[in-house]
Amino acid sequence: DFLDLRLVNGNECAGRVEVFYNGTWGSVCSNRMSQLTAVTVCKHLGCGEGGGIAADFKYGRGSGPTWLDHIECTKQHSSLWQCQSDPWDPQSCDNRAEETHITCTGRREATSPAAFTECPNSTSCSDREKLRVMGGENECSGRVEIWHQGSWGTICDDTWDVADANVVCRQLGCGSAVSALSEASFGEGTGPIWLEKVHCKGTELSLWDCPTKPLLGKKCDHKEDAAVNCSGYPLGHLIHYLFPLHFHSDRRRRLATGSTRLSAPVILCIVLGTLLCLVLAILAGQIQRARAQKR
């Protein structure tokens, strides 16, 4: 499951730190935790640029797992998931007195709900709309990006293979994968790197159905952004290729169809269908000419 972060038993910007992992909310241990880590939590939550670790434990004790310990953030980090820590463990610390309580100096702005929306352009969306490829020649090739926690981010290329790329291409409506590319083949992305070690079988209908590991720490950077080349093409590109004169003067119509994609078999059917229509038109003309000559 994807990660989430919250402060509980206080308000949106003050409380006991909890993270959502593996389908369950759990606490965070405070061993080695510095002021910088507290500030990073506040930034992550949109609660200002300052904060500190509360020592009075006034936000109560948790009852679920204690997922993380030894989290170390730097000034360059704006998200908790970018910081280094020990591996995920439901018993990261045994003593509930080690749970982390934080108070941030700012307040979350209620005027910008889009920053926390689950969808790029609306309040409800499909898995397809949370996935895109960037930097390629068309909408069926490029750097893979996913929408999570209000921002687009990339995927680390660790274990990235054709099975993973097949799921991405299918989800985008771009046919099957021609290749699974690594090392930022279509340029380096910006923002967070949301996932690493994606393990798809290749038969899943959505990338969200694949086992994966959320990225935590400095194990990956944008030089390792994953990418795909799919066999399909955007419908607008195909139509413009088949009928260039007609669509050259009808740019709006061409752009309107640019977001729809076709796989290679469908493209072949369209081409063969077009040729068949031409052959039938030629035969019809010859038949009419032959009848005219008889008369």
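Quick reminder: no glycine exception, Cβ is built from N, Cα and C everywhere.
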Could you identify, going by TrEMBL, the member of Cys156, Cys169, Cys277 that forms a disulphide bond with Cys220?
Cys156
Work out, from DSSP, the number of helix, strand and coil residues along the domain 'SRCR' (131-231).
17 helix, 35 strand, 49 coil
What's the CA-CA gap between Cys230 (disulfide bond) and Cys29 (disulfide bond) in angstrom, rounded?
44
Just name the most isolated of the disulfide-bonded residues Cys73, Cys210, going by other Cβ atoms within 10 Å of its Cβ.
Cys210
Alpha-carbon spacing, Cys156 (disulfide bond) to Cys200 (disulfide bond), which is rounded to whole Å:
14
Which entry in the list of disulfide-bonded residues, Cys169, Cys200, Cys230, has its Cβ near the fewest other Cβ atoms, using 10 Å as the limit?
Cys200
